[in-house]
Amino acid sequence: SVLVGLGLCVTMLGLGCAVELGQLGQQLRRPVGLLLALLGQFVAMPLLAFLLALIFALDEVAAVAVLLCGCCPGGNLSNLMSVLVDGDMNLSIIMTASSTLLALFLMPLCLWIYSRYWINTAVVQLLPLGAVSLTLGSTLLPIGLGVLIRYRHPRAADLLVKISLWSLLVTLVILFILTGTMLGPDLLAQIPASVYAIAVLMPLAGYALGYGLATVFKMPPHCRRTVSLETGCQNVQLCTAILKLTFSPELIGSMYMFPLLYALFQSAEAGLFVLAYKMYGRDSYKQDTLGEEEDTDISYKKLKEEEVADTSYGTVTTEEHNSIQMEPTQTAL
């Protein structure tokens, strides 16, 4: 519990350190990132989690764990992956920060709406929406502290951002090791195959939904990659903290492992996304960039040629004019 709480605080502190007040003001004037975060994290992903829970006929405990993960805001993993695919880093950070702030109100609402299907079960009747809101509210303090550090000490903020990204990976690895050591492989054996299938399909479908959403908004390719990663990557530290701190172990059981499984597969699939881009997409990205530079260079050359042509034309005119003036002078002589 201490490790989960500390990991969540460090992650939220790093998120706050990555946000600049100037960027927030710009996004408020043109709230495209805010709108995409709203649609991706609190419309597309909760609906996707709900449909997968119905399709695979999950029991109420597994369904709540899947819904909780689907209703979470974006995670810091997307910021790291956006850098690796030459995405829009400002858009990535703004979407993550916006979805985290919106989660304070929208995450309990989404949980309440989509858990109605299992309302007659004990786990849904005991669903601690107040504790969920309290946990979300507690994340505002490290985020605000991070924004303040960015404003007053930019170099320290850059260092904290790097620390938070590494702590994300280290925390997940430690949680896997501790869970496997303390609870043993029997816990993993208790998880149904359908839950494993959802852990594989859900982030993959989230990436596809995010890309389609950015395409609808007619965003450039690097922004589409960014929105795709932002939509599929969930804040699994927050999901783990809520499951750990608000549900009793007897009630949640082996479903405590679902966000960890989701983190494993979302990281692996995002890694494949990055690998495919490095192998195939980056060349086209460079060609597009070079093409733009060549077009600019050609335009510049044409402009210079036109300037030279104009100068020579003026010279000829001047010479012709001088010759016309000289002829009357010779006749007079």
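For all residues, glycine too, the Cβ spot is worked out from N, Cα and C.
The compositional bias 'Polar residues' annotation in TrEMBL covers 312-333.
According to TrEMBL, the feature region 'Disordered' maps to 311-333.
Away from its own ends, the signal peptide (1-18) comes close to residues 75-76, 79, 93, 96-97, 100, 139, 142-150, 157-158, 160-161, 163-165, 167-168, 171, 174-175, 178, 235, 237-238, 240-241, 244-245 of its chain (Cβ-Cβ under 8 Å, at least six residues beyond either end). Sequence annotations record features per position, and here TrEMBL assigns signal peptide to 1-18.
Residues or ranges marked as transmembrane segment by TrEMBL: 34-57 (among others).
If you look at the transmembrane segment (64-85), the same-chain residues 6 or more away from its ends with a CB under 8 A from one of its CBs are 11, 14-15, 18, 37, 40-42, 45-46, 48-50, 52-53, 58, 92-93, 95-96, 99-100, 102-103, 106-107, 110-111, 114-115, 118, 123-124, 127, 164-165, 168, 195, 198, 202, 222, 225-226, 229-239, 242-243, 252, 255-256, 258-259, 262-263, 266-267, 270, 273-274, 277-278, 281. Sequence annotations record features per position, and here TrEMBL assigns transmembrane segment to 64-85 (among others).
Residues annotated as transmembrane segment in TrEMBL: 91-114 (among others).
Same-chain neighbours of the transmembrane segment (126-151): 8-10, 12-21, 64, 97, 100-101, 103-104, 107-108, 111-112, 115, 157, 160, 238, 241-242, 245-247, 251, counting only residues six or more beyond its ends whose CB sits under 8 Å from a CB of the stretch. Residues or ranges marked as transmembrane segment in TrEMBL: 126-151 (among others).
The transmembrane segment annotation in TrEMBL covers 163-183 (among others).
What TrEMBL records for 195-214 (among others) is transmembrane segment.
Look at TrEMBL and you will find 256-277 (among others) tagged as transmembrane segment.
Put simply, of 34-57, 91-114, 256-277, the stretch with the most CB pairs closer than 8 A to the transmembrane segment (195-214) is 34-57. Proximity of the transmembrane segment (91-114) to the transmembrane segment (256-277) is not established, fewer than 3 Cβ-Cβ distances being under 8 Å for residue pairs spaced 6 or more apart.
Counting residues 6+ beyond its ends, the transmembrane segment (34-57) has Cβ neighbours under 8 Å at 27-28, 63, 66-67, 69-74, 94-96, 98-99, 102-103, 106-107, 110, 113-114, 117, 194-195, 197-198, 201-202, 205-206, 209-210, 213-214, 217, 227, 230-231, 234 in the same chain. For the transmembrane segment (256-277), same-chain residues at least 6 beyond its ends with a Cβ under 8 Å from one of its own Cβ atoms are 62, 65-66, 68-69, 77-78, 81, 84-86, 172, 175-176, 179, 187-188, 191, 195-196, 199-200, 202-204, 206-207, 225, 228-229, 232-234, 236, 239-240, 243-244, 249.
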